[in-house]
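What Swiss-Prot says about this one:
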- 1118, 1119, 1120, 1121, 1122, 1123, 1124, 1125, 1126, 1139: ATP binding site (BINDING)
- 8-32: compositional bias 'Low complexity' (COMPBIAS)
- 61-86: compositional bias 'Low complexity' (COMPBIAS)
- 111-128: compositional bias 'Low complexity' (COMPBIAS)
- 220-259: compositional bias 'Low complexity' (COMPBIAS)
- 272-300: compositional bias 'Low complexity' (COMPBIAS)
- 405-422: compositional bias 'Low complexity' (COMPBIAS)
- 435-461: compositional bias 'Low complexity' (COMPBIAS)
- 462-472: compositional bias 'Basic residues' (COMPBIAS)
- 486-497: compositional bias 'Low complexity' (COMPBIAS)
- 569-608: compositional bias 'Low complexity' (COMPBIAS)
- 1-32: region 'Disordered' (REGION)
- 57-181: region 'Disordered' (REGION)
- 216-259: region 'Disordered' (REGION)
- 272-311: region 'Disordered' (REGION)
- 329-354: region 'Disordered' (REGION)
- 374-510: region 'Disordered' (REGION)
- 467-667: region 'Interaction with 14-3-3 protein' (REGION)
- 551-608: region 'Disordered' (REGION)
- 1434-1460: region 'Disordered' (REGION)
- 852-883: repeat 'ANK 2' (REPEAT)
- 499-551: zinc finger (ZN_FING)
């Protein structure tokens, strides 16, 4: 099937069997032969918008006669001979020059037809003829509509009430793509006036360099190959007896420059049709008329855009039309499946799989729609949003050949209408290359053969097109090919939907057209000639309402339109394609016309947010962050067509092309756009909204002195309002701060536009508002509040949710809540103003939360704001004080932990009155009382106000710890006393480490006073339980907290104070006072009874327990000695050390036990190992505090200490000895050595092993005079049998200090005196220690600072009175530590970590009577040189060496100076 309008007469027969065609080159008539060819998919062809010349055709029907149509005269400026007159010959008469079509269409079926057809040959005259031959046997659904609205002064006017029906039918001539029955479409031509085609401009655009001889010469080069394919087609069809014109692509005729615009189609001079039969049936009469009209020559060529569309009434029909620079959307109530393949120019095409509205050739989804835009008179067109691949359109001076063809998958192109991919604008009007088609072959039945031939021919043309591209860019060859379309997979599919709901519409857009008849909706005066569907926004003429198809709106039916892919070879995943040649050739640019500014079109890659990528198939994809418009899917919601607006990507290209160079940054993107007018009664431009600007582009300004653009800063807009009056029923007025007013009229969607504009203003005001708060700009914030208050109170949308806010990309200056920012700035005035503003606009900002769940109250605590800010927040009526953050903490939790002001009690009370739960637990189980323990500034004040408001002190967290555990861990004695006074239970065992508060205090040992306090309270609690006096526990605890030893202070007055009035209870209390030894179980054995009787007379502090063996658990043996064994065990959940002695029946054992127990029971100090109780049966046991790190002896042997550790250990040992010596009565240890100083897990040193310890009393003088202890640690007076006193303990302490110093310096341990070889006999040591001539002591390492050596010398001085006490030694040691800290480097140099050389051997001393005098008189033993003397000699030698070296250097310098 082909459609041609040749310059020469082309006659086509109506019947395929006996029709013939004759071509005469001398004939300049335009003949349109419509005969009984194969059924075609083309139903309507329309050329619109020509300015001066009109091709007016009016067809009058005759069922039995052929029809000729007269065409207007066209004058061409080309060398080709132009026709001078135009006639349409018909046997029965002439036709009027205008064909008018009715908007209503009916359908009927023709079951039969005639096989006869007539052919006519044109004579040699200057008439352009259109001959229509009637063939009834094979009716074709082909209807033609030439022309548009006639001029008012035209003499050929048509009565609007008269019309002609065009009968269009389809026959089942192919099993592949036609229905099983014939159809004919009766189209009543009675539509409003339409615009006509300026045929003169078609001729004027033919380049003068082209002649028919060149065309024929090019044609003959390929004639043979085309004839071969034609012969094959004829053999397959067996019914083609006419020499039809086939598409021939010669060397020059196949040139298709990739830079050419679709406007080159305006140079087409003729249109021909062959093998297309049309039955034109009228309603009643069959008359024929002929008329001739003359035309007026046009002085300026008009640029056109072709459009191809499918008709909604005939699925197999295509509308080919031309319009001036306007994009008309296809009807929104249907979607079409893609027929197979249509190919268009590669230079300015944009391909996609989903399109209905393309500037240029408009094809439905998947049909091969082409988007080709150009800019006549400088009016920028909408860039393509969706399109499909289209091949070249071959154009000729004699004909345009429109044939079905296969889609050439090798042809790939991308076009954006305004710009190429490289960013250069396309040429507005390139000169086409024209070819003369002399042979055309169509196929009727065999679709496969025809498709293959056309594919081969098409590939040759495509290859040659690229070959010729480099030689010339002035020639464009366009070709539209369309093969037989299978009806089943590619026919349009309409899913069920509902009926339209039309309402009257005042059409004010001159570019708007009816979705049914495609005619303009707008006319003067404005009236209600149009109707709009309330559901899908379909706009049609009032007369076209009956033709409207069913409404697919989602409001009535959720059905969606299925768009299957008609071409499986071309994958739908390819969104757009572009060949390298077409991309590179698009760099040529042309000047746009009519702009006051002429900005160059930006490339896609230069627009922020757009990205070009390529895949393996050389296809280019345009990606955008805002919207993916390259739709590959087959199911699309019909609501997509509700609003007739451009896509975001297309709008972005338009926007940047129009307003580039106008001061708008490139990162500005149009959020939305609307068709409207400025101070006008009709819509003539487009309004763009960006985040910072309101931009208007005037499409009807042709004066170069006037600007097309109007730009308003959003920040400069003072107010907006709706206007509805007179001829401006839908207007928006914008007033700026500089007293300018802009009225935008005739919005199609004014409510949406106003809503978006209002949302944009509120967003800008919010930005200014936020910037002022973040910058702590109080005046700026006040100004923003005044404007925003007025806006919010007068806004149209009360819910405050604007759709445009989801499109805005500009973030706020801070992610924080604005009120929080003001609180962080600690600006009282700003916070108060904000609170008043939020109250005025009924905002709940006071309770807003951030990403972590923090409210402004939470934030106020962390910001350390003033008390006034906090009180203003609490005084807000709607403030919620129980809001939790992501950790479950309320503002009260953080307030108790973080707040530092002494006014905290007033604020806590205010929060409690507002409803804060004082016992609220966070996700860790902590209450505000737990948090208050961590407050370092107002801890007691916080705890007091919480306890005053009845806070529960025994609530435990997830680890089972109460607030008392927290106080013990932090060592807060004052808080612990306050909690205990409020009823805190010290016996609560935690879940984490299974410890009570007392056990935790002992382990941590942060504050010894807490341990002592908890021990006393534990004793009181146990005593009251034994005597069944638990109800007085709280009163006695309070008394104990106020003053220690409440049990010892019990008297009648105190009993009255605590409320004890019962005589029996008072007797129990007095008995408790006298028996401070608390016995749980009575003794059974005689030895145990003796011990108990002796223990009752002892002065036992705070009451020690008699423990049953069943309460102990032995876990590990840790040592043994002469007096017994030591085990590690557990008592009441506490790790203890259990010293097991012999049986209580042994008298010596009882005596030693009672003395040691008496000393331990009388001592209460954190420097002494604690005693928990005793076990009397079956063996005597002492239950004492466990020290996990062992003794000092084991500690220094395992890990040699540093100087810091040395001072720490010695200070604690001296403190422990001082505690013994300061006790009443005084306790003398008598066995001081490194083994008897224990170290717990916190490296705290405690004095232990009091088996040899005695009270320094007169009754113990005999015992104290006995030699006891380890010989190397014993003082000389002990060996001589003199009285043992506290300074004897200090001698032993000097030896212990030497042991530790030796480990520090040499990094190893040595027993005292071991440096003297083979002197291990204790008697020999005692002899040398007490010798009057020689005083033997351990050797102090060389280099030890003198201040420390002096202290050691004093401690082991032979003269008892010269030795310091424990207190004096502690003071001297503090001086040594101070000097160490001041000269740390010098002290560190002493540490050598090398063991010294042994000193000379000392001869052994024999044991015989008179040995002392013998050795003193006869033994010639040289005294050992003092280490101090050796050290001084070494230092003196070093000094002399340094002085000699300095003298030598000085002499050398003097000699050098003399020589110079």
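From the backbone N, Cα and C atoms, a Cβ is placed for every residue, glycine too.
Proximity of residue 1118 (ATP binding site) to non-local residues of its own chain (separation of 6 or more, Cβ distance below 8 Å) is seen for 1126, 1127, 1128, 1137, given in sequence order. As a summary of secondary structure, the repeat 'ANK 2' (852-883) carries 15 helix, 0 strand, 17 coil according to DSSP. Note on the region 'Disordered' (1434-1460): DSSP counts are 26 helix, 0 strand, 1 coil. Neighbour count (other Cβ atoms within 10 Å of the Cβ, all protein chains): 19 for residue 1126 (ATP binding site). For the binding-site residues listed here (1120, 1124), the lowest count of other CB atoms within 10 A around the CB belongs to 1120.
A strand conformation is recorded for residue 1118 (ATP binding site) in the three-state DSSP classification.
On the 0 to 100 pLDDT scale, the model's mean across the region 'Interaction with 14-3-3 protein' (467-667) is 50.
According to DSSP, residue 1124 (ATP binding site) is assigned to coil rather than to any helix or strand.
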